[in-house]
Amino acid sequence: MDKLTDLNYTLSVITLMNSTLHAILEDPGMAYFPYIASVLTVLFTLHKASIPTMKIALKTSRCSYKVIKYCIVTIFNTLLKLAGYKEQITTKDEIEKQMDRVIREMRRQLEMIDKLTTREIEQVELLRRIYDRLTVRKTDEIDMSKEINQKNIRTLDEWENGKNPYEPSEVTASL
């Protein structure tokens, strides 16, 4: 029944608009008829599209204020586009979403910088340790006797019988 009533209401509005337009057309001095007709068509379409949408949205949603605000912003943005403007109206919710996104990105970049600086500090510490191990330390006295095996060296006077056992002697071979 609601659909029939709505259809009857729509037909009566169209009939009213037609009779109004015919009354305007009878005046020969009316030069702005196409503009007025297009504006009336847009207004009628917005009226017919927005009222049922708003009723459904208000019945189904719990947060009616946000729905109404969103619908109104959408209608104004549509009108601005029809008028030729490139700017759009934004709500505080959209601005807050963008700000939250920017803040999340900044936090992510700060965490990345913190990780990178921590790694760089660790690398510098590692390089310092490697450098400390590679540097030559000056020592005053080094006991090289172990290296060249000179602790058990005897002089010629210390050999038994005064003879050097490593000195070659004459060898005779039988033929």
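Any Cβ shown, glycine's included, is placed from N, Cα and C.
Residues annotated as topological domain 'Lumenal' in Swiss-Prot: 1-28.
Positions annotated as N-linked glycosylation site by Swiss-Prot: Asn8 (among others).
Look at Swiss-Prot and you will find Asn18 (among others) tagged as N-linked glycosylation site. Of all Cβ atoms in the shown protein chains, 10 besides its own fall within 10 Å of the Cβ of Asn18 (N-linked glycosylation site).
The transmembrane segment annotation in Swiss-Prot covers 29-51 and is backed by sequence analysis.
The topological domain 'Cytoplasmic' feature in Swiss-Prot is assigned to 52-175.
For Glu120, Gln123, the entry in Swiss-Prot reads Ca(2+) binding site. Residue environment of Gln123 (Ca(2+) binding site) contains 10 other Cβ atoms, counted within 10 Å of its Cβ in all protein chains.
The Cβ neighbour count for Glu120 (Ca(2+) binding site), using a 10 Å radius over every protein chain in view, is 10.
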